[in-house]
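As given in TrEMBL:
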type	residues	note
DOMAIN	3-260	domain 'OBG-type G'
BINDING	Asn12, Val13, Gly14, Lys15, Ser16, Ser17	ATP binding site
DOMAIN	282-365	domain 'TGS'
Amino acid sequence: MNLKAGLIGLPNVGKSSLFSALTKMNVEIANYPFATIEPNIATVEIHDPRILQLTKIVKPEKTVFATYSFVDIAGLIKGASTGEGLGNKFLANVRNVDCLVHIVRCFQDPKIIHVNNEINPIFDIQTINLELIFADLGTIQTIISRLAKKANNTNDKQVKFEFELAKKVEIHLKHGKSLRDLELDSAEILQIKSWQLLTIKPVLYVANLDQKSIQNPDANPYFWKLKNYLVKEKAILLPLCIALEQEISQLDEEEKHLFLKEFLLEKSSLDLLILHSFYLLDLATFFTVGKKEVRSWTFRKNTPAIECSGIIHSDFKKKFIRVEIISFDDFVQAGSEKVVKENGKMRLEGKDYVIKDGEICHFRIGN
């Protein structure tokens, strides 16, 4: 499952620095707009605390984490929807990711240029969101033009459904609103995604703070205003000092522990960012557990057992018989699969059983 989160924001807000911290890769970080032209892409491990707990209990030969990709996308400026700056490239790259991590600058530093010459995180968010709305509006108006003649000369229910939905979307976008804010049923969401519209993509906001604000983000006036602004959007806002995280990412474990202690932090916030962006996509994780390997597997929520088995290997789906299910909590409490079975906590399920997030699965496969 090759899923990608796109790092977006205005130029010079910390996208490439965050990418570097997440991936421990050295990418070009420059104090001028459009240092990123072609997107940098890298895969990171999802350090779900549950798999770490399972590893401590089972002590396998190896632990294999689920993975997830981040894409460092070129900075956007006002006018991108009409091709200003690197607008066309930016919009094409946004279309190719599954969710957005929107980085917003919430610190003063005269040495780092701001593209609008002032720090105003709310205006920065509005600038990018409006460009994405304009891009979607152009796309949907093209779709309406294509469907209009067909819809008026057919009884085809699908064509009429698409035409009415396209008009509904156009009205919403003309009010300056993202499609995330539009009430839609599952069929409508599926159709909108097929049109590759941008503002339907889930978004996580990252407030890039200075070091002195990280222990008490609410004391930072930029963060406080941003937090209150995003309440109505019901969006996740994660406070982060990207410069600090970049430094931490280059340290070994012992140095990292001392560094975090100095700043009164328990751990790096990067794992939290990875998990938050991962779960934006309505994804879940199941585990396979054994002495050779403890492994996490990614799947979409509400996926039946037979489809989940195919994630491990296509032959599993063809030869599926049953699946043994153990809840994560039952396994941790028992301390071993043997004790789980003795306690009667393992159950057998069929092909239509919907796997739950965090369950431990052992698929029974025929010859």
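Placement of Cβ uses the backbone N, Cα and C atoms for every residue, glycine included.
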| With DSSP, how much of the domain 'TGS' (282-365) is helix, how much strand and how much coil, in residues? | 26 helix, 33 strand, 25 coil
| task | Select one residue from Val13, Lys15, Ser16, Ser17: among these binding-site residues, choose the one with the most other Cβ atoms within 10 Å of its Cβ. | result | Lys15
| field | Densest Cβ neighbourhood among Asn12, Gly14 (binding-site residues), 10 Å radius | value | Gly14
| Where does the mean pLDDT land for the domain 'TGS' (282-365)? | 95
